[in-house]
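K.L.:
The structure that follows is given in the form of structure tokens.
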């Protein structure tokens, strides 16, 4: 068939196999009229366009079949076709939905200008274009992409050079298909021209390419938010949702949570105050079951505490992160097997008040007391309710002479950074407790900087890696609920980092280097975690499904757990600066 392009001032020619042009009269009445049968059904289709409509129907059928085979079948349910009676354009828009782009509306004032395409010289092999990525295989490992790469030219005058392409087109997959009606015409699918010869290429969704555009749009939206360009940010956050649906696995989930955080910040629909602590504890339990991060945190902290308690007859653990008490059965069993018999074990569990008037901390202590009786460990427990760790004072904890004290905190101290002077008060109270060991586990990330865009970029990389590790855990269908609830657990953190400010932003994670500086200035010295902890942590990961992707790393006496090359959590141990050094095993080495 032939496709005619009509210009109001110049005669138009249609591309033909012989390359000859055909002159057309400017009078539209001389063109073929509307097809009467389709007109009765409400569709305005010229008889001369029937072949083109048939071709688009064939293309749409082939794209749907191929997309279903790839597991990528989708249509944007929110798309509005303003004139569905225009059957040709309607089919074209449906085809474009299978390959969504941020610039789907070419006249969108919020997006950068698109370089004009040369349809006269186009070929099935698009020319190579520069990419800001340093590797063609992304594996969804996000790179630092400045938001300016997308819309830095939006405010520029029209005479400025067009913005560079947002993604490489050389990765687009083409599947040749034959058709009896496929003549030598130019088909425009997915926004760029492809000449059809005897075989007509059909553009399929390229998840990697769309993923690149998705990252660009996320970064651009975050920069628009920082610049308080809310009109642009609103347009971009809608595009994020449109692009995310074409992604599979971790990328789609991460983008969805970040889009929610951005939307809440744009529309000022801030998340409700932190959920009931018991529900948050349940989410963390699912996270504990799904992946090894909390297991690693508990194991490495327990190992440091066990070594500090060596030879002590009366020991006292003060736990800033009691939750469900999952950390302590393993330590109690290790103490029960200690040569010479177990010590007298006292545990003070600190937690927030419950909103349902239940004594949650008492229930946890009762279960631990039952275990202690079973393994013949003398056990004493006290649950201590506190609205904030910053409200603690050493005198409240009934410290006793002759006790060896250990203070433990897992994912708790970073929230104190939202309260001015909070972390300083807690560290001062810890010093007054005169502990033999302080164990701290925190996220290895910097989500507490003053610049929103920097926090957004860092958190996007961090949580993308975390979600990738969840996908790589090899979770069985039986544990699907654990995985889903773990994603909710991480999604709440994302929303807090992105949407909230001031005291409501409590997910203020900092790096190990930052914690080292803070604890050093507060009067604490680091205690090396020995090679025994390193080896046993590595063995723990070897037993965990999907453990091939996890890596234990020693960092100046501290232990880190990460996914592939990215550290995600860090365990460190500390003692008072004026205390003699604790005996330690050989420093870890990997």
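Even glycines carry a Cβ here, placed using N, Cα and C.
So Swiss-Prot lists the following for this protein:
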REGION    1-28  region 'Disordered'
COMPBIAS  1-10  compositional bias 'Basic residues'
MOTIF     35-39  motif 'DELLA motif'
REGION    153-182  region 'Disordered'
DOMAIN    205-575  domain 'GRAS'
REGION    212-266  region 'Leucine repeat I (LRI)'
REGION    284-349  region 'VHIID'
MOTIF     315-319  motif 'VHIID'
REGION    363-395  region 'Leucine repeat II (LRII)'
REGION    405-496  region 'PFYRE'
MOTIF     413-417  motif 'LXXLL motif'
REGION    499-575  region 'SAW'
K.L.:
Please spell out the DSSP helix, strand and coil residue counts for the region 'Leucine repeat I (LRI)' (212-266).
P.N.:
47 helix, 0 strand, 8 coil
K.L.:
Could you tell me whether the region 'Leucine repeat II (LRII)' (363-395) and the region 'Leucine repeat I (LRI)' (212-266) are in contact, taking contact to mean 3+ Cβ pairs under 8 Å with a sequence separation of 6 or more?
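P.N.:
Stretch pair does not touch.
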K.L.:
Below 8 Å between Cβ atoms, which of the listed ranges 284-349, 405-496, 499-575 makes the most pairs with the region 'Leucine repeat II (LRII)' (363-395)?
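P.N.:
Answer, by Cβ pair count: 284-349.
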K.L.:
What mean pLDDT score does the region 'Leucine repeat II (LRII)' (363-395) have in the model?
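P.N.:
Overall, the region 'Leucine repeat II (LRII)' (363-395) comes to a mean pLDDT of 95.
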